[in-house]
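One structure is given below, encoded as structure tokens.
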Amino acid sequence: MGDAVKSDAKTNGFHKVTNGHHQQQQEELKIAIIGQSNFAAEVLELLLERDHLIVGVFTIADKAAREDVLATVARQHGIPVFKFSAWRRKGVPIPEVLEQYRSVGANLNVLPFCSQFIPMEVIDGAAYGSICYHPSILPLHRGASAISWTLIEGDERAGFSIFWADDGLDTGPILLQKQCPVYGDDTLDTLYKRFLYPEGVTAMAEAVDLIAAGTAPKIPQTEIGASYDPALFREENQYLNLNQPAVRIFNFIRGLDSVPGALAVVQMEDGEEATVRLYGASLSARRSMVNGKPIQFKGSTGSAFVTREGIFITGSDGSLVRVRRIKRGNRVIAAGEWFEQLGTTKATPLVLTEKEQEQDTLLRSIWKSILKVEIGPETDFFACGAGSMDVVRLVEEVKDTLEVPIDNETLFMAPMYGEFLQEVIQRLRSGSNGDRGTNIPLDYIHVVLKANRRKIAVPTQLFINGRFVDAKGAKTIPIVNPTNEQVICDVANASKADVDDAVQAADEAFRGIWTSISARERGQLMYRLAELMEQHREELATVESIDSGAVYTLALKTHVGMSIDAWRYYAGWADKIEGSTIPVSPARPNRVLTFTKKEPIGVCALITPWNYPLMMLSWKMAACIAAGNTVVIKPAQVCPLTALKFAELTVRAGFPPGVINVVTGTGSLAGQALADHPAVRKLGFTGSTPIGKRIMASCAESNIKKCSMELGGKSPLVIFADCDLEKAVRLGMSSVFFNKGENCIAAGRLFVEDRIHDEFVRKVIRGIKTMKIGDPLDRATAHGPQNHRAHLEKLQEYCAIGVKEGAKLLYGGKRVPKMEGLFFEPTVFTDVEDHMYIAREESFGPIMVISKFHASDFDALVARANSTEYGLASGVFTQDIAKALRFAERVEAGTVFVNTYNKTDVAAPFGGFKQSGFGKDLGKEALNEYLRTKCVTVEY
């Protein structure tokens, strides 16, 4: 007899059988609907739309006070509803049930989906007979689990039959059949939703129309090729035979996906056995499992392995089947996390805000309306009897009511209410401006910094796949406070294996959850992160000051302030990245549409310097994330703490695991591993030119990964005599001493017109003497310590070379006496000639290098300014706008400042020429560094 199923969608190549004997209609149809489920309810409504008379609906009894949807819909239309727990007792029809059926006077029974055994007295009791829906191309796959067996047997086509019921099991004459191809990625669910459900509803109405018109055929079924398959609702039939070819294993798993799931038994290392269900199968092209950890399935003679990608099962033919999800008890997890999850306890419940408590109430009401039971944290959606259409209803109601991006997979991975609530709240926090909080528990090893009347917990581990973890072998490196040269803490020292873990996590996120988040939702996440950075602004500035020696007031305004600006700016770009349509010349008479798409590159690696730890991270990463990439960042070895604190905030903002990863450690190991990694498709680097060259070579040799370089600089600043001298002195000092001279675009050489040279120098030295040097946390401090000892020693050596070559040292040139910490005096050199080392090479410190020029030869001045292999920035001070624009036109630098300096903005592109690198940070142009252009041409 007819039975029912679950799953959906698009029709490809169906056909309808219309030959055979036709029935003549004598009177108006009076239809009894017998069955249950949303499928039957939709058939009912479609028949009513086509003006058919429904005289009664016969359905199953309520379950735990939960009425079947067919009964609900029928009552809404005023149709008599009868609910029976059974039609027979001990094989004999129940008289009172037969009496109620006969009372409606039906002359046609329609069974869209019916799980009960209907007596022949009913089947034959209607004058025009009974028609049933069956989800297979009869006579194939008779029985209650037809869809599953279509997939299990590897059929190339699926379909359904509407047949006239008789006294056999799905053996009656065929009225109508339709077919569709079975795709390689079809599961029980997808096949049902793609074709069998929507086309089945329509076909049931078509069948009734044919009967009403007296043209319905009755084509006898052949017994050639007929098959009767075991019922898969019986648990003993759900066990997977692992000793067969991979394609058979794959087909069995997908035939039971997602309800109930293929059963298997894992033999644990301690001798225990764990019964599990397997979901999300695919045939794998892999032939070896070098990095896989063995897992043993009971009764299997082949091997199986767990990797980050899932569980790989070897078929009897040596081919592999990948399983993405696994269920043990009530909990579904990513199969690749099997060993990690074995010993884990349940996640700490979220602390809900007042608004989230209201959302909890709404969510409970949705669950209760579907399940008809009281809802608690341990309520299991599927254990309460919910089916696949209940899943669809729940997902759609939650999406509409709470405006949260979820899908069926969300429920399958978190079937218990408590888990589902946590997942929904996490997603709401990710994509809304509601309260997110510092109340999210994070488990990490940390150091507590006590400064600025604050106690700040800062992580000291690697941040990989949304968790803080130790480096392999628990290796660490010390982090030193440059203000007093005392060790702040030890942080994890990443190995090549740690970097590989981070890259794999980023790759999985890019190919998985990150692609399911829309561009607008991505922007909302970024806005939320910016808000959290704003809330923690003082904490971040304090950490930056202690870790890198940045003056606190500058860290607050620039290091942190501009970081927040970058995240907000690129959050706005996230949903405005677009391609274009291109007019082309097709060969007539054809027409062609050509358009471009801007796509994310994939996993991006970022290697950032020590002068602006948080700002350099944000300049690069905000554009990278806005473009849709995932990222692994290696902050500077000597000052990684703000990057780790930032990682904590990304969790609180709701970024999915794996999207942002932080590996701390050395450049020679962790940085090199990123440059060499074949899964990294883009590398953004800020640092020295020699290291940049090495990284470029590694990028080329590994996989020709795209790279952008912001390297060394020797930026010229030209000061003409017609300038506003006071402004030129003030900004000239800032151009050199800003951030202790540890500034990419610092003016590496000042060209001062001879007529004002001496006065300019006097004013500069007078200004230096008023600068307070000391504790960077002191609000009055203007000049803090250099970042680390090796750099301070380099500055001492730099000054010694300048003196040796004959430059005139007017001020400074040495470590600040009688002061602990890495403090270096602001320094001024004059009489610097073009051939000298200090005229050609960058100091990256508070060292002003001044040369004179005569205004009579503008061309010679520009040539001197350009006489360097660097071209990062430049500047000119003059009242003559024509002169300024001539200079801007001819100077070889990526940035030109006129009557100002250090005026960068997140909307303005930043990057250099020549050996200062290539590519841009900031502005719209920076997005292109993290995008690839795909051209699509369609002929029509």
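Cβ coordinates are placed from backbone N, Cα and C, and glycine is handled just like the others.
For reference, TrEMBL has these:
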type	residues	note
ACT_SITE	H134	active site, proton donor
ACT_SITE	E710	active site, proton acceptor
ACT_SITE	E710	active site
ACT_SITE	C744	active site, proton donor
BINDING	Q116, F117, I118, D170	(6R)-10-formyltetrahydrofolate binding site
BINDING	634-637, 667-672, 687-688, K794, 842-844	NADP(+) binding site
DOMAIN	354-432	domain 'Carrier'
REGION	1-20	region 'Disordered'
SITE	D170	site 'Essential for catalytic activity'
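Per-class residue totals from DSSP over the domain 'Carrier' (354-432), listed helix then strand then coil: 54 helix, 2 strand, 23 coil. Cβ neighbours within 10 Å of G671 (NADP(+) binding site), excluding its own Cβ and spanning all shown chains: 26. Counted over all residue pairs in Q116, F117, I118, D170, the record's binders of (6R)-10-formyltetrahydrofolate, the longest Cα to Cα distance measures 14 angstrom. Using a 10 angstroms CA-CA radius around D170 ((6R)-10-formyltetrahydrofolate binding site), the recorded positions that qualify from H134, E710, K794 are H134.
Its own atom aside, the Cβ of E710 (active site, proton acceptor) has 28 Cβ atoms within 10 angstroms in the protein chains shown. Between the CA atoms of G667 (NADP(+) binding site) and E710 (active site, proton acceptor) there is a gap of 16 Å, rounded to the nearest whole number. Looking at S843 (NADP(+) binding site) and Q116 ((6R)-10-formyltetrahydrofolate binding site), their Cα atoms lie 86 Å from each other. Under a cutoff of 8 A between CB atoms, and with a sequence separation of 6+ in the same chain, the neighbours of Q116 ((6R)-10-formyltetrahydrofolate binding site) are I60, F84, A86, W87. Of all Cβ atoms in the shown protein chains, 29 besides its own fall within 10 Å of the Cβ of K634 (NADP(+) binding site).
Checked against I118 ((6R)-10-formyltetrahydrofolate binding site), the recorded positions A636, G687, E710 differ in C-alpha distance, with A636 being the nearest. Across the fold, the C-alpha of K634 (NADP(+) binding site) and the C-alpha of E710 (active site, proton acceptor) stand 15 Å from each other. If you take the Cα of L669 (NADP(+) binding site) and the Cα of H134 (active site, proton donor), they are about 62 angstrom apart, rounded to a whole number. Cβ neighbour density within 10 Å is lowest for K794 among the recorded positions H134, K794.
The distance from the Cα of H134 (active site, proton donor) to the Cα of C744 (active site, proton donor) comes to 72 Å.
Note: A636 (NADP(+) binding site) has non-local neighbours T608, P609, W610, P613, i.e. same-chain residues 6+ apart with C-beta under 8 A of its own C-beta. Around G687 (NADP(+) binding site), the same-chain residues at least 6 positions away in sequence with a Cβ under 8 Å from its Cβ are I607, P609, G667, L711.
Of all the recorded positions given, namely F117, G671, E710, K794, those whose Cα is no farther than the 10 Å limit from the Cα of C744 (active site, proton donor) are E710. E710 (active site, proton acceptor) sits 16 Å from G671 (NADP(+) binding site), taking the CA atoms of both as reference points. Rounded to a whole number, the distance between the Cα atoms of G671 (NADP(+) binding site) and F117 ((6R)-10-formyltetrahydrofolate binding site) is 69 Å.
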